[in-house]
Amino acid sequence: MTNNVRGYLQLHPFHLVGPSPWPIFTSFSLMDLALSLGLTAHGYIASIWPIFLAIIAVLYSMTLWFKDIIAESTYLGDHTLAVKRGLNQGFLLFVVSEILIFASLFWAYLHSALNPTMDLGMQWPPVGIPTISPAELPLLNTIILLASGVTVTYAHHALINGNRTNTLYGFTYTTILIALFVYFQYLEYSYAGFTLSDGVYGSTFFSLTGLHGLHMIMLTIMLMICTWRVYNYDFTNTSHVGAETTILYLHVLDVIWLFIYIIVYWWGS
């Protein structure tokens, strides 16, 4: 894992991206997925195959898109310091937008929780809603996420110090922990005594935890890509933008989950 200087051989600091089909393919795949989910939820489609095919299309488009980006960075030397700075700034803006989305969902939850109406029985949680104990699976998931923060920080320090073996171990352990989190979240949904259609409590609960769970699935894929790139000698101790953005993404989701645990599971139950 020596310093990679291939990104400094260009005569200008900008990356002039060539024509790529993957943005439009990904956009149409996401539109197909959204339509399939909406039509299935409202009973217009009786089969889950359209959703399954849409997910395959999204993953296929994103995989080939990421493949091109990795080739541009690692093998073509297109990612100069200016390009890396732009990628980091763009990802920070993405993180800010994600925080604002979760802030709006917290607002919706607290708007009803702090002032429950007569329709909710003048109490929160509403009458007849069996809440999930914060001392069971939610607490276990919180411990798992905190542990993943430790292992990914271990991987980050190993990467900066040029220790490929420990970096590989750190990312592998982190990937396993995040996958366990997603699995336990699935178990929690399976045994929950309420659904998305159970009033404002069910809709806000599953919107918050479900959106976070979707991001955790995305994070699992990102960690798997980082683990593979470390194994493939793609990262160096000075050039690892993909790893840094993934690590930042994990820490942001950790903090958001702590707010979900405190507000939704502990205070809200």
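From the backbone N, Cα and C atoms, a Cβ is placed for every residue, glycine too.
Model, not experiment: these values are computed from the prediction.
Annotated features, as they stand in Swiss-Prot:
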TRANSMEM  21-41  transmembrane segment
TRANSMEM  45-65  transmembrane segment
TRANSMEM  90-110  transmembrane segment
TRANSMEM  127-147  transmembrane segment
TRANSMEM  167-187  transmembrane segment
TRANSMEM  205-225  transmembrane segment
TRANSMEM  247-267  transmembrane segment
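Same-chain neighbours of the transmembrane segment (90-110): 200, 204-205, 207-208, 211-212, 215, 245, 248-249, 252, 256, 259, 263-264, 268, counting only residues six or more beyond its ends whose CB sits under 8 Å from a CB of the stretch. Residues 1, 137, 140-141, 144-145, 147-148, 151-152, 154-156, 158-159, 209, 213, 216-217, 219-220, 223-224, 226-227, 230-231, 235, 243, 250 of the same chain lie 6 or more positions beyond the ends of the transmembrane segment (167-187) yet place their CB under 8 Å from a CB of it.
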